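So TrEMBL lists the following for this protein:
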ACT_SITE  Lys38  active site, proton acceptor
ACT_SITE  Tyr251  active site, proton acceptor
BINDING   Arg128, Met299  substrate binding site
DOMAIN    230-353  domain 'Alanine racemase C-terminal'
MOD_RES   Lys38  N6-(pyridoxal phosphate)lysine
Amino acid sequence: MIQKSNSIVEINLSQLKQNLRTLRSYLDEDTRVMSVVKADAYGHGSVEVAGTLEPMVDAFAVNDIHEGIELRKQDITKPILVFEVPQKTTASQYRVHNLTATVSAKEHFDWLPNGTSYHLNFDTGMGRLGFDPEEAERVLTLVEENQNLFCTGLYSHFATADSPGSDFVTEQHRLFTNIRRQFPKELSAHIANTGATAFYSNEQYDMVRLGIGLYGYAPGKTGIDGISPILEWKSKLVQIKPINAQSTVSYGATWQAPAAGNLGVIPVGYDDGLKRSLSEELTVCIDGKIYPLVGTVTMNYCMVFLGDNQYKPETPVKLLYAKNNARDWASKINTIPYEILTSINPKIPREYIL
Ligand SMILES: *Cc1c(COP(=O)(O)O)cnc(C)c1O
């Protein structure tokens, strides 16, 4: 992969561990933790994140089987659950790499080769993957009929656990408890994500699946005390030039300088993950001062109005940082921190602070 060299993403691994310790304080002592590192650990780099967390967690989860293979190649040895629907073309790889598959429909029993381990997925209300709760008895029969495969757990996923007090969570919990009762006790059972862990009690079963909270964000509007973001995105000014009052900047000529001043050019655009819809919505930090991005964000550049201030090329620019984090960005364009974080182009180098 060709790396981009115009910005860097800095990730604080000690804060990552701190976030995990904070989230553990919501758990019963014997509840196990599965760390969700799908989507390249929400843009943070799955190999480094998993390597850092491995001594402190019990298992990992990824979406795509190739993400699991990558972790195995990088010497991650704890169990790895793959969420995605097994595909005939890659089904043999679960066993080869000791990955746990997800079985969420009847045909998956036929696609997985002998000796594959799997967890069952039930759809208790998410409306995505999984068996219908009413099928539980039939699914148990299928498990018993398919002794060539090893069922090691069952799970489900909440649709509304990102905020406290949802009746829908209670209902999904009730359905999952019913399912759980029909399966052997030795099987692992898990349903809670970050939101369910922080905002609900009695949802833990024997394991929780923590994603966004590890990266320092609460899933919805309600905050979680004691966690903070671990990622900063930094670039630099590549050109600074004087502009006249009323000069326009960027495509569409939508922004006009209110007065004469200096324009700075930052080599980060929507190809890097700085969403075009954030045009004229963001500020950046240069030398401790806050300046507005002006004009339309382009594919490889965005512009900042510096007023009377003058800077040299190569002056550092902070784009995404504690006081202007993925939640702040997300709130301006009606999305969630998850989408902002996973939009940062993986070709941008990640630097890790211990
Ligand atoms: C992404 C995901 C999680 C983690 O959710 P967070 O809100 O990030 O904690 C857990 N379980 C499943 C099935 C997921 O897809």
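The backbone N, Cα and C atoms fix where each Cβ goes, and this holds for glycine too.
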Report, as a single number, how many Cβ atoms besides its own are within 10 Å of the Cβ of Lys38 (active site, proton acceptor).
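So the Cβ neighbour count for Lys38 (active site, proton acceptor) comes to 19.
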Can you count the other CB atoms that lie within 10 A of the CB of Met299 (substrate binding site)?
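Taking all protein chains shown, Met299 (substrate binding site) has 11 Cβ neighbours within 10 Å.
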Closest of the recorded positions to Lys38 (active site, proton acceptor), Cα to Cα, picking from Arg128, Tyr251, Met299?
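Minimum Cα distance from Lys38 (active site, proton acceptor) across Arg128, Tyr251, Met299 lands on Arg128.
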Cα of Arg128 (substrate binding site) to Cα of Tyr251 (active site, proton acceptor): how many Å, rounded?
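Arg128 (substrate binding site) to Tyr251 (active site, proton acceptor), Cα-Cα distance: 40 Å.
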With DSSP as the yardstick, break the domain 'Alanine racemase C-terminal' (230-353) down into helix, strand and coil residue counts.
20 helix, 48 strand, 56 coil
Per-residue pLDDT averaged over the domain 'Alanine racemase C-terminal' (230-353) comes to what?
98
Any same-chain residues 6+ apart from Tyr251 (active site, proton acceptor) with CB under 8 Å of its CB? Would you list them in sequence order, or say none?
Gly295, Thr296, Thr298
I'd like the number of other C-beta atoms within 10 A of the C-beta of Arg128 (substrate binding site), please.
11
